[in-house]
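> What follows is a single structure, and I will ask about it in a moment.
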Amino acid sequence: MLGILRDCQSCLYCETRQQQSLPTDSVGQSGMGLLTIIRKVKRNEREIRILLVGLDNAGKTTIVKKLCGEDISTVSPTLGFQIKTVHRGGYALNIWDIGGQKSLRSYWRNYFEKTDALIWVVDSADVVRMRDCEEELHKLLKEERLSGATLLVLANKQDMKGSLSVSDIEKAELKLDTLDAKRHWAIYGSSAVTGQGLDNAFDWLIRDAGSRLFLLD
């Protein structure tokens, strides 16, 4: 498998929008319906809107930087949100990286609109907060506006000593086997530092979301 840095250099590039603070007003409540999908097909945008969330310090921003081949030696916590567009496999992945601090989680709902894929990042080494991680994820999945979104769970920091296995996180911790049968989901082990698992995980996300959104291309 190509290393993640080589992959970034050869077949994708990134665009960055300046980090912004979270708004206080909620957006509209309607979900991404059939008309939105048809609009995407007609315009042939081949864009996938991705919401990247998880508890603070899970490694969300580092993952995005790694995908883009950027320096990850100094990464500051995301206090608001930032948007990166990653071009990969013929798709433009518009990744909305949202801050995960407890004080910011109530604002996550402002970004649910028209979400095609949801990436939930887990700190596999943070055993103490795993219950909190489970509760926040299942709370998100009850949102109507996210009901049709592809779900990718990244069991991050697999390179750290004492991290939980992907299997333990899937079943014992996050209870992913209890999700609605209609939900498209997958879990991959990853390391934002080494790039482990990121290629396979994002390739799966593109295949799953792309096959639904651009079926009529």
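Every residue, even glycine, has its Cβ placed from backbone N, Cα and C.
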> Write down the one residue from Gly100, Gly197 that TrEMBL lists together with Gly54, Leu55, Asp56, Asn57, Ala58, Gly59, Lys60, Thr61, Asn156, Lys157, Gln158, Asp159 as binding GTP.
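Same GTP site in TrEMBL: Gly100.
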> Could you say whether, by DSSP, Gly54 (GTP binding site) belongs to a helix, a strand or a coil region?
strand
> Taking each of the binding-site residues Lys60, Lys157 in turn and counting other Cβ atoms within 10 Å of its Cβ, which one has the fewest?
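If we count Cβ atoms within 10 Å for the binding-site residues Lys60, Lys157, the smallest count is at Lys157.
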> Rounded to the nearest Å, what's the C-alpha distance separating Thr61 (Mg(2+) binding site) and Lys157 (GTP binding site)? Just drop the number here, would you?
13
> If you count the C-beta atoms lying within 10 Å of each candidate's C-beta, which of the binding-site residues Thr61, Thr78 ends up with the smallest number?
Thr78
> Around Asp56 (GTP binding site), how many other C-beta atoms are within 10 angstroms of its C-beta?
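Around the Cβ of Asp56 (GTP binding site), 18 other Cβ atoms lie within 10 Å.
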